[in-house]
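Going by Swiss-Prot, these are the annotated features:
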DISULFID  CYS19-CYS308  disulfide bond
CARBOHYD  ASN79  N-linked glycosylation site
CARBOHYD  ASN99  N-linked glycosylation site
ACT_SITE  GLU109  active site, proton donor
CARBOHYD  ASN127  N-linked glycosylation site
DISULFID  CYS185-CYS197  disulfide bond
CARBOHYD  ASN325  N-linked glycosylation site
Amino acid sequence: SERPKRVFNIYWNVPTFMCHQYDLYFDEVTNFNIKRNSKDDFQGDKIAIFYDPGEFPALLSLKDGKYKKRNGGVPQEGNITIHLQKFIENLDKIYPNRNFSGIGVIDFERWRPIFRQNWGNMKIHKNFSIDLVRNEHPTWNKKMIELEASKRFEKYARFFMEETLKLAKKTRKQADWGYYGYPYCFNMSPNNLVPECDVTAMHENDKMSWLFNNQNVLLPSVYVRQELTPDQRIGLVQGRVKEAVRISNNLKHSPKVLSYWWYVYQDETNTFLTETDVKKTFQEIVINGGDGIIIWGSSSDVNSLSKCKRLQDYLLTVLGPIAINVTEAVN
């Protein structure tokens, strides 16, 4: 199905309010056709990101390799009521306006609802889930145990993510809600150094319509790394935007695809993207059917006067001019 033609918007999701103490207000952002929250609030009228909101079950790492359980540790052991109550408290505290009509971003990255995808620092949730079943059924073989662990984990992971989204939508009806980073693609990773998404992940995305059907916006992350070649950086963006657009096209309501983009290299956060990388990654988002870009920044990008000045300079000389060119060309 053809995607609805939408205005291509670029959003500012950078905590530059931290620069106000140095009398740097970043008012120039809006001169470049970039949508910014009024007063440069971080959680504001245009966009609000909520980091690890509520009380999602999770195993939180402590210093000595140990971890502590939060709300049961894994979704199948968690208490949904506690979580949802805390979620609304967080929302009301951070952004009390019930008429919020911007983009609401839930940034939850402790585990993924697809059991297989919990690797790296998420793997403890997988191991913990397997241990729970093994303790219950000591005579079962490894395969049976893993299958059961996977089934339980995925059922309740879905429950937590879905109910959270529904509650967000119910209490902030006019906002466009989505989870940061989804759909995942796992391209340009050490085992998959190609633009195309991991095939298994694409099948798993197809099975996640329960999530995407409830989202008004898809928010793939297209942060690039310096260790990649310039062509690989473009490939990373291409594959991730394409996959999100593919998912959107398969849904009746064709949610918007807004790509999360960071102005520094993910593996070299003191280095701004080159002008060429900015141009090419922005173009790639447009070419592959994206509906916009969310420029993200970390608080550690703006926690000193010199960093604030550097970012402002970069905005005025590189990022801003490219942003206005792209929006004017597309719209």
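Sequential numbering from 1, following the chain as shown.
Note: Cβ is positioned from N, Cα and C throughout, glycine not excepted.
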Review point. Measuring Cα to Cα, how many angstrom lie between ASN127 (N-linked glycosylation site) and ASN79 (N-linked glycosylation site)?
Key: 20
Check your understanding: Just going by other Cβ atoms within 10 Å, which of the glycosylation sites ASN79, ASN99, ASN127, ASN325 has the emptiest spot?
Key -> ASN99
Review point. What same-chain residues, at least 6 away in sequence, bring their CB to under 8 Å of the CB of CYS308 (disulfide bond)?
Key: THR16, MET18, CYS19, TYR22, LEU24, VAL302
**Study point:** In the chain carrying GLU109 (active site, proton donor), residues 6 or more apart in sequence that have Cβ under 8 angstroms from it
**Key:** ASP52, TYR180, GLY181
**Study point:** Cβ-Cβ distance under 8 Å to CYS185 (disulfide bond), same chain, at least six residues away
**Key:** CYS197, ASP198, ALA201, MET202, PRO220, GLY239, ARG240, GLU243
Study note, to complete from the structure: Cα of ASN325 (N-linked glycosylation site) to Cα of ASN99 (N-linked glycosylation site), in Å and rounded, measures 32
Practice item. Do me a favour and check the Cα-Cα span between ASN79 (N-linked glycosylation site) and ASN99 (N-linked glycosylation site); whole Å is fine. Key: 29
